[in-house]
Amino acid sequence: DGDLKFSLESVKKLKELMDENKSINPRMVVSMASYSPCDEKNLPEEFQPVCKREDASMIFERLSLAVREADLCEICANAACAGCF
């Protein structure tokens, strides 16, 4: 994401955390706008610097979208990946 780089496994874990939060309880009044993966105790440590940024929520959302299709080729699915021609 821009000049930031994260391991694929960490991004997958981030998506799992974000997906779990969205489906915990549909009657919860807490909006996704107030949710932050930074509050999760299982957030991979490599995301801690992102939590200090003002644009953290946008970064997390883009990373989650990058791995939304589990059946896509992990190397070539995203334009940010190198090595695909």
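Each residue, glycine too, has its Cβ placed from N, Cα and C.
The annotation disulfide bond is assigned in TrEMBL to Cys38-Cys51, Cys73-Cys81, Cys76-Cys84.
Cys38 (disulfide bond): 14 other CB atoms within 10 A of its CB, across all protein chains. Cys51 (disulfide bond) is surrounded by 14 other CB atoms, counting those within 10 A of its CB over all protein chains shown.
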